[in-house]
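Each remark here refers to the structure printed beneath this line.
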There are 4 protein chains.
Amino acid sequence: MDFQKIINEIYTTCNSETDKGKVANYIPELKKIDPTKFGICLNTLNNNTYGVGNFNEKFSIQSITKVFALTLALKLIGEKVWKRVGVEPSGDPFNSLVQLEFEKGIPRNPLINSGALVICDILVSNLKNPKEEFLGFVQKLSNNNAINFNKTVAASEKKCGFKNAAHINLMKSFGNIKNSVETVLDFYYHMCSIEMTCNELSSSFLVYANEGKLPYNNEEIISKSIAKRINATTLLCGLYDEAGNFAFKVGLPGKSGVGGGLVAIHPNKYAIAVWSPKLNKKGNSNKGFKALELFTTKTELSIF
Amino acid sequence: MDFQKIINEIYTTCNSETDKGKVANYIPELKKIDPTKFGICLNTLNNNTYGVGNFNEKFSIQSITKVFALTLALKLIGEKVWKRVGVEPSGDPFNSLVQLEFEKGIPRNPLINSGALVICDILVSNLKNPKEEFLGFVQKLSNNNAINFNKTVAASEKKCGFKNAAHINLMKSFGNIKNSVETVLDFYYHMCSIEMTCNELSSSFLVYANEGKLPYNNEEIISKSIAKRINATTLLCGLYDEAGNFAFKVGLPGKSGVGGGLVAIHPNKYAIAVWSPKLNKKGNSNKGFKALELFTTKTELSIF
Amino acid sequence: MDFQKIINEIYTTCNSETDKGKVANYIPELKKIDPTKFGICLNTLNNNTYGVGNFNEKFSIQSITKVFALTLALKLIGEKVWKRVGVEPSGDPFNSLVQLEFEKGIPRNPLINSGALVICDILVSNLKNPKEEFLGFVQKLSNNNAINFNKTVAASEKKCGFKNAAHINLMKSFGNIKNSVETVLDFYYHMCSIEMTCNELSSSFLVYANEGKLPYNNEEIISKSIAKRINATTLLCGLYDEAGNFAFKVGLPGKSGVGGGLVAIHPNKYAIAVWSPKLNKKGNSNKGFKALELFTTKTELSIF
Amino acid sequence: MDFQKIINEIYTTCNSETDKGKVANYIPELKKIDPTKFGICLNTLNNNTYGVGNFNEKFSIQSITKVFALTLALKLIGEKVWKRVGVEPSGDPFNSLVQLEFEKGIPRNPLINSGALVICDILVSNLKNPKEEFLGFVQKLSNNNAINFNKTVAASEKKCGFKNAAHINLMKSFGNIKNSVETVLDFYYHMCSIEMTCNELSSSFLVYANEGKLPYNNEEIISKSIAKRINATTLLCGLYDEAGNFAFKVGLPGKSGVGGGLVAIHPNKYAIAVWSPKLNKKGNSNKGFKALELFTTKTELSIF
């Protein structure tokens, strides 16, 4: 299959349509982004890279980082993770707090904000230098030591993160946060501020397509079984309350971030990352979603 | 009517029954209280005081203070208060957060925690020295300058107040808190830590029975109309999700606190305060509720 | 006090303002009503009647009938009523079904639809000829044998009563409805279809102002204590999620109906009924609410 | 791979453990079932069948039938289905009614009860003889004309189906049910009463593994794209609020029924059905879940 031709076509098609999405406006630093940025990058397990558009420019990966955090937490404490966070889709956008209240501070899954905060709490408890070690882990996955936090973005988010503060305090009241609220939030906002290019992002997700092994040296980061489970969780919970629609139309495990990034993997085949800052009403990259839908339609490759 | 005889009988009756209530255990400082304390004090508008038991011992009035805070806020900014907080009963205990989320950060009423936090925010915005001036206002209502905060209790509550932190951060995310979360919480915990005796508490509530005027010098604190409205709000919202049961069985506007205090007023007649630290399942003083039920049954005085 | 002059003034004031309310449109038969109808009638315990406008025209009392149903149920089985329905305000309009689900099919109070359906179920179980006997009871309260159901209205409501069907089926699934869903709904829609004039309505509510005795012959229908409790329930739950606002602005126990009726009582003094079909956003008569607010403001008579 | 050996081992392993599940007790007819029944049947696309235990005994497939209903609805009216029902996981068990209320009568997905009722309404509107034609469609999928409804089970369920009646009436109140409540419920209960053996059930699901074509004659029932989308929906919504756990541990699209049936497919490979009547706390076959988890673990075949 001529992947380069396919992504070029998708790039052209997506650019020919008016993008009705909107750049996230609740994080001051992210508002400044050029809304016309658009890049696609595909990395296959047989070592090929195909890119188009702004696929070599850095952007804030935001929530996508939660998949890395979950991976590291599973590596550190294994199945014990699931005592503090569930594996079920969150369902409703409107009642995440009531769900937390009803289920005694146990978040639905590790990819919604409350669940990611619990994962952060686990990492803070189990790492000596949480921020440094987490960054090192992500650098290793992507085989790239230049990957870094954007401290301005982290500070900007922290200043207006009242909703996250509400969630973490509620979980703390149920005893499901062990460290101080401030420490965990600080780690969380740093973690979300990591910047990557589409190429770096899809490279770093190849580990999930490769049964848990680093594609560049075959080192096992997590077992095949855990890799499969992370993929299942990503498919069911990766796009908030649009996960069903994504599984339905794209048919791959994928994760989005409010910075406009969207990454998906096909087990044993490839990882693909798209970046376009304008978000649809559900908070996922509008063009990114469209591009991946076209990709699995054109290639007829989906897990279903 | 021989009020002293009546409250003596009630005191004896209540003490003859086993109290199945439990002292609030989530505020470390309050756990230390002697659970057998029990006092009743009635103050009438014609200047009589009737007391029995530990009615001259100080206790933490906790949420009862919210009525004073509402009064001061209405005095300071009048009807504008109602743009930021409602006047409806809260209904369900289990979904206060979802209600806040659904109604865009506007709490149901000023006597639930979230509503009281909004009132605190108003006071912090409109007073130069919020804590001092609020204390002065309460001292004036009770005609007693010895009334004070208990800073140990305030600090103790603050340390474990994660649920309040969840609520205030959620409201802040909706723009319904203007000052910093820390400042408002600090004011709130001080306000709740005020200590009074039953006698002081019922004296300070006489203003609501007296159409807004101080009983000891006839100074108008609030208009007759506002006093009536505060009483209506107290009746409907003063005992959390047991307000209906209290109106049903006692039939007076009343307010409870987690320290075991319970105060009620009969317009144009009297104010009565009870203190007994063991709480029923709804968080209201078990003996206090029983005592007031007996009081309106025996005296056949209720507003209905 | 010159009550006739006062209600005449209120009538003129209310008519001089544009009524932004809307006639209920979900019951086909009620839509046909002339929206300009407006009547007020005051009946005092010392036997005086004051009326203005269309106070002698019949209208559909709808939910107001629930107070009569509760009264009869309490007369028939006493305190056992409270095992199947609560006495707390319902709080939120948006989650009545989830509240029912959460609280295992026990409705919050007898004046919301689900609670009234439980009361109907009790009446159906405890009366030989439920519809006839209920009608007879209401005729007795109002001292008027001409009061009757409007079978066209009952049939019209039944045809589109899917929401009530949802509630009753949910309660049936929890075992809190003993008779067949059809029988209870049939009784309910008949009960709601009773027609009265303002004069008849306020006359029939005098029993609640008169400590449970019929004003025209002093027969005790219910005890003083039960009458007080019904009044407390009416105050807290009579205007759905506007009960707080009504207590706050009017300060009397009151009950509204979707037909535009609104009735309130002042214990030991009077009953007053207003009819104006246009409803505010909360489903209560817009002019009716305003008229009663003016009435207690002008007379300075409220229970607070 | 020696599939027969594998399922034999699984059969033995599962039988050696105490089954703590419980037979569904809310449908009188289903309570009578022998709780020790246990059968597994695997059908592969290359025409092999492997069975163990009671795999040739009929049982009530219950909710599994919803996948067939969705398939037929998509065949009849295509994408228009999605205007009346969503594709997102339902999330919370406790608030299906409030979700329906909040989202104006649009159910989350076609595999929860409310969604299946909407699908039934679509089928009733678009088929001349709904029950006959639906049965014919299922017979065609399974290549077996002996498949039939169990009218005793249908009648038994209908008699106690108050929760479904609550849901359908609520949707009717929002206009999302076009036919009469009775007609749709009658169709629904018939549809759920279909009986199949494990062998028949897995055979009839091969169409979803076979890109929408009947495995026995290659006739296209639905397009490849629709087959993939049904599989995605099944994966995300097939096991109620245990869908995440199933995807996580089994990693295949699967659907369960309250009769103890559980069926899953591996695209382009096979379909597998298990029957064991004891259900876990989430309402899914306890042994069935375990058996499928062992199957994908042993075969290392999952879509992730």
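Glycine residues also receive a Cβ, built from the backbone N, Cα and C atoms like all the rest.
Taken from TrEMBL, the feature substrate binding site applies to A:Ser63, A:Asn113, A:Glu157, A:Asn164, A:Tyr188, A:Tyr240, A:Val258. DSSP gives A:Val258 (substrate binding site) a coil state; it is part of no helix or strand.
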(request) Return one of helix, strand or coil for A:Asn113 (substrate binding site), based on DSSP. (result) helix
(request) Run through the Cβ atoms and count how many others sit within 10 Å of the one on A:Asn113 (substrate binding site). (result) 19
(request) Taking the Cβ of A:Tyr188 (substrate binding site) as the reference point, list residues of the same chain whose Cβ is under 8 angstroms away and which are at least six residues distant in sequence. (result) A:Ala116, A:Leu117, A:Cys120, A:Asn164
(message) Restricting to the record's substrate-binding residues (A:Ser63, A:Asn113, A:Glu157, A:Asn164, A:Tyr188, A:Tyr240, A:Val258), give me the longest CA-CA distance in Å as a whole number.
(response) 19
(request) Give the three-state DSSP assignment (helix, strand or coil) for A:Tyr188 (substrate binding site). (result) helix
(message) On the three-state reduction of DSSP, what should I expect for A:Tyr240 (substrate binding site)?
(response) helix
(request) Based on DSSP, name the secondary structure state of A:Glu157 (substrate binding site): helix, strand or coil. (result) helix
